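One structure, pasted below without further comment.
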Amino acid sequence: MNIFRLAGDMTHLISVLVLLLKIYATKSCSGISLKTQELYAIVFVTRYLDLFTDFISLYNTVMKLVFIGSSLAIVWCMRYHRVVRRSYDRELDTFRYWILLGVSFILALVLHEKFTLQEVFWAFSIYLEAVAILPQLVLLQRSGNVDNLAGQYVFFLGAYRAFYILNWIYRYLTEQRFTRWISCVSGLVQTALYADFFYYYFISWKNNAKLQLPA
Amino acid sequence: TRDQNVHDEL
């Protein structure tokens with residue numbers, strides 16, 4: 001464990017807590033893409049298949065349970081909570097995410113570390129996570145101005161993967177046998193997808209204006 | 001050492 005990875009995990013945890021806070025406190029999920037939340041639930045379930053077979057550390061196990069639990073709770077809330085579900089922007093959240101699922105799965109069948117069920121699903125979850133934010137970014141662009149908690153959620157989510165890139169550089173430099181190309185390349189793509197959002201987020205923060213994404 | 005292919009990152 002290094003400081004970059006810990007910072008990344010904490011930032012990731014904050015992004016999830018910000019989202020849960022927004023939904024719980026305001027009893028509203030306006031501006032939040034259910035499709036992105038469902039993709040993230042799939043990412044965590046398919047990535048942590050080794051939850052009960054490989055014990056890495058208490059921290060690792062607890063964080064896996066938190067991520068799986070919170071992502072499923074958010075999806076449940078947005079789908080079935082009688083108050084929250086009314087504020088879901090169903091007509092704006094129309095990203096055809098089956099494409100993302102299909103492409104990620106085919107890519108995982110081709111590119112993986114070992115051809116085992118667990119490794120193929122792990123690679124699938126890495127590829128899927130890189131593109132899971134797309135429905136959310138599209139929804140933010142369609143709904144124009146971003147209410148600040150939704151914007152903060154995307155900001156922290158993007159920042160966590162940026163910290164992980166620093167973690168991979170650090171591990172590459174310190175551990176002679178560290179070769180996680182699948183994670184590294186996919187993480188770079190993922191962070192690049194956030195780049196334009198970060199730009200507009202920074203501009204709005206600098207001008208202390210509401211975040212306006214170009215339609 | 002733990003065999004490398006165990007994914008120790010979240």
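Think of each number as a place in line: the chain as shown, counted from 1.
Using N, Cα and C of the backbone, Cβ positions are placed for all residues, glycine too.
Unlike curated records, TrEMBL annotations are generated automatically.
Taken from TrEMBL, the feature transmembrane segment covers A:56-76, A:97-115, A:121-141, A:153-173, A:179-202.
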Between the stretches A:121-141, A:153-173, A:179-202, which one has more Cβ pairs under 8 Å with the transmembrane segment (A:97-115) than any other?
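Most contacts with the transmembrane segment (A:97-115): A:121-141.
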Six or more residues out from either end of the transmembrane segment (A:121-141), which same-chain residues have a Cβ under 8 Å from its Cβ atoms?
31-33, 35-36, 39-40, 42-44, 46-47, 49, 89, 92-93, 95, 97, 100-101, 103-105, 107-108, 111-113, 150-151, 154, 157-158, 182-183, 186-187, 189-190, 193-194, 197, 213-215
